[in-house]
């Protein structure tokens, strides 16, 4: 397989453009993979409080998608280098499907963002009643409040409905020691921000970073589809 003499120069340009675009897509996919993996490991303890795997589920989808992107970009590089029309056609179809999936996921995430936050508030409040009676819920709340330096859902007053304020709400001094806040909680001895606010900001910040990376990869995927179509038509 090859190009006609008339299309040789243009064909070589498209070929190497597709190769470079796929190399950049591969790097972008690897970056998204690392970001999503870090997000899962770094904040997996929050899932117990949300009462749903929506957050981790969305990150897992991005994780799998980033792996697919890396594999497909490799396929595109091989197809461009070897000038195999079958590989180029397969590459175009898979990239188009991944692109549409990413687009639909982004639109749905934007449309339902407010509803998700309300669901998070309700689920987090329901888990507070289980604090101290269910080990996984207790550990999740303690880890969340200690690591995110927050207390309760909207405020530390949320805990007064269910009993004393947990020790994990107390401000840490040094060496793991904490101020006493369980008996007389005040704004000077416990964390003042609600965990919903901190968690929402965390998800928003990480979503912005991952989203920006995904959008950049998606734009490159458009170029990949265009170059693959052009190269497919140029190969004799």
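If you go along the chain as it appears here, the first residue is 1 and each next one adds 1.
Cβ atoms are placed via backbone N, Cα and C, with glycine included.
Annotated in TrEMBL:
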type	residues	note
DISULFID	151-169	disulfide bond
TRANSMEM	20-41	transmembrane segment
TRANSMEM	53-76	transmembrane segment
TRANSMEM	88-112	transmembrane segment
TRANSMEM	207-235	transmembrane segment
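Take the CB of residue 151 (disulfide bond) and look out to 10 A: across all protein chains shown you find 29 other CB atoms.
Neighbour list (residue 169 (disulfide bond), Cβ cut-off 8 Å, at least 6 residues apart, same chain): 145, 151, 152, 156, 159, 181, 185, 190, 191.
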